[in-house]
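J.: Got a structure for you, questions after.
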Amino acid sequence: MERVALAERYVAWLADAGTVRGLIGPREVPRLWERHVLNSAVVQEWIPEGARVADVGSGAGLPGIPLALARPDLAVTLIEPLLRRVTFLEEVVADLGLPIEVVRGRADELHGSRSFDVVTSRAVAPLDRLASWCLPLVGAGGAMVALKGSSVQEEIEEHQATLTRHGAGAAVARALGEEVLERPTWAVRVAWADEPRVSWRPARGSQKRRGPRSVGGRAGSQRSGRRKGTR
């Protein structure tokens, strides 16, 4: 029951400060539970017990905070480059009393220094770019899990060759939460085909893309004083 109360407080944060600060659209308020919180929480179906989870481009804390609420066994880290969003996340985490780490910056600057069992994302970027930012954070036996729309299979077909070229295995799409949601959450899972890599090297002649996330420096909320990012 305590977790339900905390989830209700989180929804109140999204409906109030989240809309005022531009993290949630006003039209989304009536469907925060179904479209955002529960939509995110069902991703737990793809996360093993006791996993270290990084949520890249966390924004308003989706799916990271709902996952932490639904699964107290998870060690959740929220990675977000924009200061106003990081401030919101810090305030929410402190108010809810959740043991969540908030990191300000771009994910690519964590490559080689941090490793997670699962790296999540929601509405961040196309699959190939997303993998270039997230997969180098995935440790042995882990996976990237990205929330996508119902056309995810088409996106997989478009980008699988690129994923394979960079060492990833076959991407797998799945509808999550079919038993509890009117509209299930579509997600794609991507893991390394063999050994994890700490960098994503583009094919020869292709343009190297910059990732949108990074890391800063203090516990609870880590930040680098000079970094800026876009989402």
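From the backbone N, Cα and C atoms, a Cβ is placed for every residue, glycine too.
TrEMBL does not curate its annotations; it predicts them automatically.
TrEMBL lists these features:
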- GLY57, LEU62, ARG122: S-adenosyl-L-methionine binding site (BINDING)
- 213-223: compositional bias 'Low complexity' (COMPBIAS)
- 199-231: region 'Disordered' (REGION)
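Where in this structure would I find these features, and how exposed are they?
T.: Here the Cβ of ARG122 (S-adenosyl-L-methionine binding site) has 23 other Cβ atoms within 10 Å, regardless of which shown protein chain they belong to.
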J.: Look up LEU62 (S-adenosyl-L-methionine binding site) in the DSSP assignment and report helix, strand or coil.
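T.: The residue in question, LEU62 (S-adenosyl-L-methionine binding site), is coil (DSSP, three-state).
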J.: List, in sequence order, the residues of the same chain other than GLY57, LEU62, ARG122 whose Cβ lies within 8 Å of the centroid of the Cβ atoms of the recorded S-adenosyl-L-methionine site.
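T.: Same chain, not in GLY57, LEU62, ARG122, Cβ within 8 Å: SER40, ASP55, VAL56, SER58, GLY59, ALA60, PRO63, GLY64, THR120, SER121, ALA123, VAL124, LEU147.
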J.: Other than its own, how many Cβ atoms are within 10 Å of the Cβ belonging to LEU62 (S-adenosyl-L-methionine binding site)?
T.: 30
J.: Could you measure the widest C-alpha to C-alpha distance across GLY57, LEU62, ARG122, the residues recorded as binding S-adenosyl-L-methionine, and give it to a whole number of angstrom?
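T.: The widest Cα-Cα gap among those binding residues is 9 Å.
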